[in-house]
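Peer 1: The structure is given below, and queries will be raised subsequently.
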Amino acid sequence: MAKLFRAAIMGPPGSGKGTICKRIAQSFDLQYLSSGHYLRESIAANTEAGVLVRSYVERSMMVPDHVMTRLMLPRLEQLIGQSWLLDGFPRTLSQARALNSLCQLDLVISLNIPYETLRERLSNRWVHAASGRVYNMGFNPPRVKGKDDVTGEALIQHDDDKPEALLSRLRYYKDVAKPVMDLYKSQGILHAVSGTDTDRIWPYINSLLSAKMHIQPSGAFQTQTPP
């Protein structure tokens, strides 16, 4: 029986969530929903939520739960009849509970990446601030050093991507993510994936999604009916 499919991906900074999400979305015909994209879009559009978001971003503060849910839930309500993959939301237990009040997720993937791998990735990560495009000087460098491929504008490195800030970011992530993972584990939908290289963990993720979904020749999909 045809059914909507909703999934989310979790992972610490530098875990490769964006890369994995794009592969999943392309391979399984899921709409990719990035909270970071919605944050930047709301700021650029100067919406009521965007003004609130900007006030926290400009002070390098985490956007609080009530602002994130105010931003994300109306977007998800507009997509109530579609299948999608969430990146960056929910981050906290409060956000997860708010999402549960709107819809139930079918799958949550948690990326477990060793500290040294995260440190190396983030120290080489440069970002185009306006679009959120991410480059890595080790394996995904820009065509022109220090310049965005699309606009030619300068790339930046966030202060919190630098090694001295990474440990505190990881501690914060673990503190807020554990209750969220516990919730999804209790619901039987959490799957942890460990590794150091995106290309090496992709086959497992691909197999996991294939086991949860059945791809039809038309490109549509169904969830498998339990025996």
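Note that Cβ sites are derived from N, Cα and C of the backbone, with glycine treated the same way.
Below, the features straight out of TrEMBL:
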| type | residues | note |
| --- | --- | --- |
| BINDING | GLY14, SER15, GLY16, LYS17, GLY18, THR19, ARG125, VAL134, TYR135, THR198 | GTP binding site |
| REGION | 34-63 | region 'NMPbind' |
| BINDING | SER35, ARG40, GLY88, PHE89, PRO90, ARG91, GLN95, ARG169 | AMP binding site |
| REGION | 124-161 | region 'LID' |
| DOMAIN | 125-160 | domain 'Adenylate kinase active site lid' |
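Just tell me what is around each of these and how deep it sits.
Peer 2: In sequence order, LEU111, ILE113, ARG121, THR198 are the residues of the chain that are 6 or more apart from GLY16 (GTP binding site) and have a CB within less than 8 Å of its CB.
Helix, strand and coil content of the region 'NMPbind' (34-63), in residues and according to DSSP, is 21 helix, 1 strand, 8 coil.
Contacts of ARG169 (AMP binding site) defined by a Cβ separation under 8 A and a same-chain sequence distance of 6+ are given as PRO12, PRO13, ASP160, in order along the sequence.
If one looks beyond the region 'LID' (124-161) by at least 6 residues along the same chain, the residues whose Cβ comes under 8 Å of a Cβ in the stretch are 13-14, 18, 34, 36-37, 40, 60, 169.
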Peer 1: Return the member of SER35, ARG40, GLY88, ARG91, GLN95 nearest to GLY14 (GTP binding site) in space, with distance defined Cα to Cα and candidates limited to these binding-site residues.
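Peer 2: Checking each of SER35, ARG40, GLY88, ARG91, GLN95 against GLY14 (GTP binding site), the shortest Cα distance is to GLY88.
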Peer 1: So for PRO90 (AMP binding site), how many other CB atoms are inside 10 Å of its CB?
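Peer 2: Around PRO90 (AMP binding site), other Cβ atoms within 10 Å: 27.
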Peer 1: What average pLDDT is reported by the model for the domain 'Adenylate kinase active site lid' (125-160)?
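Peer 2: It averages 88.
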Peer 1: Of the binding-site residues GLY18, ARG125, TYR135, which one sits closest to PRO90 (AMP binding site) when you measure Cα to Cα?
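Peer 2: Checked the binding-site residues GLY18, ARG125, TYR135; minimum Cα distance to PRO90 (AMP binding site) goes to GLY18.
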Peer 1: How many angstrom lie between the most widely spaced Cα atoms of the GTP binders GLY14, SER15, GLY16, LYS17, GLY18, THR19, ARG125, VAL134, TYR135, THR198?
Peer 2: 15
Peer 1: Select the closest residue to ARG91 (AMP binding site) from the following binding-site residues, measuring between CA atoms: GLY18, ARG125, TYR135.
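Peer 2: Result for ARG91 (AMP binding site): the nearest of the binding-site residues is GLY18.
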